[in-house]
Amino acid sequence: MNIAVVGTGYVGLVGGTCFAEMGNQVICVDIDESKVAKLQSGTVTIYEPGLEVYFDRGIRENRLSFTTDLAEALEPADVVFLALPTPPAEDGSADLQYVLGVADDIGKLLAANPDWGYKVLVDKSTVPVGTARRVIEAVEAHGLKAGEHFDVVSNPEFLREGVAVEDFMKPERVVIGTDSERAGEIMTRLYEPFVRSGNPIIVMDEESAEMTKYAANSLLATKITFMNEIANLCDLVGADVDKVRRGIGTDSRIGSKFLYAGIGFGGSCFPKDVQALHRTAREEGYEFRMLQAVLDVNDDQKTVLVPRITAALGGEDLTGKTIGIWGLAFKPHTDDVREAPAHVVIRELVARGASVQAFDPEAVETTQAAFEHTPLEGPGSLTYSESAYAAASGADALVVATEWPEFRRPDLDRVRESMKQPLVFDGRNVFDSKRMAELGFTYSSIGRPSYEAATVERGATA
Ligand SMILES: NC(=O)c1ccc[n+]([C@@H]2O[C@H](COP(=O)([O-])OP(=O)(O)OC[C@H]3O[C@@H](n4cnc5c(N)ncnc54)[C@H](O)[C@@H]3O)[C@@H](O)[C@H]2O)c1
């Protein structure tokens with residue numbers, strides 16, 4: 001099949017590359033000229049495990065190409081994916097300017113080139129209920145007719161950054177929202193090779209497909225947030241959230257995933273999608289109170305370690321204190337730092353005068369770009385370290401903000417010996433509390449008992 005993908009970010013690049021891997025002919029379009037130039041020269045522009053192999057093969061075998069010219073991609077395409085940003089507008093609703101702008105451009109091009117034939121236009125972006133209808137209107141405004149010249153399908157994407165390639169190649173389900181039999185058949189044919197193990201392709205109306213994506217992300221964000229509140233309460237009553245997690249996660253009605261407490265969720269999806277669903281509800285005159293609570297709790301959760309750090313380091317003013325940060329990405333295995341809790345912690349520390357030294361295996365460049373866009377404020381500073389050990393070296397305290405695998409089993413004796421004070425604040429519960437105390441750290445984590453350094457004898461838990 002001939003495919004155009006408009007928007008070559010995390011979703012567009014992964015989707016386009018995976019469609020090409022499945023033998024389709026794919027042209028990806030982006031307005032970002034420097035991104036397209038890099039892709040054309042054979043450089044993958046995001047960090048996503050497994051992507052490079054398929055990307056290289058797609059290019060080598062001439063199934064995958066990149067352009068800034070929408071017309072070039074649109075002309076041969078049977079199916080056109082819109083994988084465009086839908087960032088939060090000021091009121092929290094999804095900003096549809098990119099999606100509707102491209103729909104308008106496509107309408108213009110199709111009207112001027114009637115010989116290009118019927119196209120299926122696919123909303124891959126996460127968009128509020130009613131967007132498929134608005135895309136139809138934007139294209140029909142150019143004298144075209146849905147059902148005849150084109151159809152619009154809502155096909156929400158459920159990939160997780162960090163395992164995006166695997167998720168795209170073997171989705172647990174594919175949701176196709178359309179009332180058009182013709183478009184539904186084309187989409188089913190396109191996706192069949194991805195669900196050969198029997199996972200379902202679920203066809204439904206556009207509105208339900210659009211709602212499915214928001215419902216999924218909001219429920220997952222709620223699950224994490226619920227666990228974070230349980231953790232906060234565990235801290236107060238002396239329970240251990242890890243044990244509670246195991247205790248409830250074995251209940252098949254609850255399930256074991258998304259029960260890990262930490263310093264809040266981030267990323268480009270959960271925060272904005274929860275906000276957008278809350279906003280949609282409000283526009284309909286319905287106050288979705290649970291979602292507001294999720295957003296409020298998550299905001300607070302990102303800074304839950306800050307008062308502990310200031311208390312341990314002698315007060316609000318952190319001038320002269322060095323703090324190491326392990327992890328900048330919003331989660332491991334990605335370079336995406338959008339809404340990353342680590343960034344919020346860094347902002348708070350720099351505002352209080354701390355010298356922050358941070359390390360992340362993949363997300364330094366994206367962090368630099370983010371802080372260039374929205375500079376840090378305050379008397380403190382941020383520098384980037386070459387390694388996890390370098391970030392801990394000379395530090396008065398170390399904060400674990402992202403659970404990259406390499407942070408799980410470092411040489412902790414080396415870490416302690418290099419630090420000014422053996423103080424660790426673990427925002428992702430990667431270490432065992434007692435073991436850390438045995439090793440001589442004063443260790444604080446989320447929802448688990450803390451132990452003072454050396455109050456537990458070395459070897460006590462061996
Ligand atoms: N990132 C994820 O994990 C994920 C998962 C599921 C769904 N989604 C949804 O998918 C959509 C895209 O997300 P993303 O993370 O890939 O965004 P992104 O910001 O990484 O990529 C969007 C791309 O679109 C390009 N673009 C903007 N305007 C354009 C135009 N007029 N023509 C061509 N290209 C244009 C940008 O330059 C950018 O490269 C969003 O709605 C998001 O909510 C994202």
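Positions of Cβ are set from backbone N, Cα and C atoms, glycine also.
The annotation in TrEMBL ties F158, L159, R160, E161, F258, L259, Y260, A261, G262, G266, K331 to substrate, and of the candidates under consideration, K119, K213, K243, the one tied to the same site is K213.
The candidate list K223, K257, K272 contains one residue that TrEMBL assigns to the NAD(+) site with D30, K35, T86, T126, E161, R338, namely K272.
Site extent for NAD(+): among the recorded binding residues D30, K35, T86, T126, E161, K272, R338, the largest C-alpha separation is 24 Å. Highlighted here are the binding-site residues (T86, T126, G266) whose C-beta falls below 6 Å from ligand 1: T86, T126, in sequence order.
Under DSSP, residues within the domain 'UDP-glucose/GDP-mannose dehydrogenase C-terminal' (324-433) fall into helix, strand and coil as 37 helix, 20 strand, 53 coil. Neighbours of T126 (NAD(+) binding site) among the recorded positions R160, L259, C269, defined as a Cα within 10 Å of its Cα, are C269.
Rounded to a whole number, the C-alpha distance linking A261 (substrate binding site) with E161 (NAD(+) binding site) is 19 angstrom. The two recorded residues, D30 (NAD(+) binding site) and K213 (substrate binding site), have Cα atoms 24 Å apart.
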